[in-house]
Amino acid sequence: MDDAIAACRILVVDDTDFNRTLIGALLGEAGFQNVVYAKDGFDALTQIAAEAPDLLILDIMMPGMDGFEVCRRLRADHAYADLPVLVQTALSSSDDRNRAFAAGTTDLISKPLDRTELVARVRIHLQNRVLIRDLQTYRARVEGELAMARSMYDHLLPSPSLCAALMDGAGVTLRSHTALSSDLGGDLWGVLPLAGGRFGLFLLDMAGRGVSAALNAFRMHTLIHELAPQLGERPGAFLSELNERAVCLLELGQHATVIYGVVDRAAERFTYAAAAAAPPVLVPPGNAALVFGEGAGPPVGVAAGTRYEERSLPFPPDSALVLHSTAVLETLNGRSGGFAALLRSAAVPDALAGGGDAAFAAVTAALAAAQGDVPLDDHTLVWIGRGGAR
Amino acid sequence: MDYGIEDKEQETLVRLRGRLTFNDHAKLRALIREMLQNKARRQVLDLSTLEFVDSAGIGMLLIAREEMANADKQLVLRSAAGQVKRVLTVAQLNKIVTIED
């Protein structure tokens, strides 16, 4: 017999000395090493409260509190909801048996006791118990670890205080929307403060899903912050070097789509480089047409020696710059078309007249409606408004 | 994702159907093994009936390219359309893999 099963604590509840001794002897002979006894219902509940057994063998006819009542009280307590209770009974009519099951009995053992039956039933219920306990422990551990990983992941994203400080220094407003899928995805964004009221901004989407994508996102986050002091000012060189490091670090089949750019309010420009990212969009002042940047480029981490081109978008006063993950495009079904249609749809221009907050809210609301309660992939949208109402 | 293999004189043609995503990892691994056992040097993935590819799917195509290269074979991606074509274009995979219309 499995050690884990042999060591399970079995509580035998019977008011007859002879029965307790008999059951104990049969179980001991079969290899069960941890058998304890209670002489009636009250004694049983006291002992269970002191140390919960793994299985209960319960007599029905006992003075004071009978087996039915013991069973009912146990089942009323959440802690013992799944404790296996084997009722030993001479009750032969189906009414009585049903009554035992209604009270919460797991299984019946017929009286007079049959050695083989007793041992077989005890063993099978303990096996189930041990299996379920292993699964529960494992599941709780995985859930705990995922929750912890999720919380660590959340800490990688820019804190509200960092965004606030940046907004003061750079004279822009920064709003973001992140919706994580049920397993950990690989979306990440962040800001790198630069000299002269400028700042760097990156959006990154790691290929794949779950823990492996999250681990790789952490690696990329570290790389980005390592490169920031030397290359933060030069998006093309930044992405090219990030790619060289990522090629060494990531295994084949793992890569990231990235856009990195510098927001420069004084020069009224957004200078950026992109690696298979969704194109950045400029929402210009007034009713002028949207301006789309270019997101094409080999993903980061695939081929050494890739050079990323530097591109730029104007960023005049009273405009807004919108960066988003490719999942946003998938959700809105199509190329820039879906997203552009959303930005052009009546809600957004109307809302823009009322200020950046309203426009951002209109976009995220439309996005939330399109992606449903639990998005299939991570979604990130960063909205940088400058001047006046944006 | 599903696939069908057709052996031609000069090349092996593999038709991919449906959606190529993170969940198809094992299936694509099996397909790569089959492609390695084929005699033809040119291994063509026909993507005309592939509806969708995600980032993990792109990763698997790159693994296939590498495995073919290691075995002195050539991987060709052919006839991508719709979302698949857009993703290949945005990622500029033509710099890494042979892509045919």
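The chain as shown is numbered from 1 upward.
Cβ atoms are placed via backbone N, Cα and C, with glycine included.
Any TrEMBL annotation is an automated prediction that lacks curation.
The domain 'Response regulatory' feature in TrEMBL is assigned to A:9-126. Using DSSP to sort the residues of the domain 'Response regulatory' (A:9-126) gives these counts of helix, strand and coil: 58 helix, 24 strand, 36 coil.
Taken from TrEMBL, the feature 4-aspartylphosphate covers A:ASP59.
The average pLDDT computed for the domain 'Response regulatory' (A:9-126) is 92. Remark: A:ASP59 (4-aspartylphosphate) has A:VAL13, A:ASP14, A:ASP15, A:THR16, A:ASN19, A:GLY67, A:VAL87, A:GLN88 as non-local neighbours, by Cβ distance under 8 Å and separation of at least 6 in sequence.
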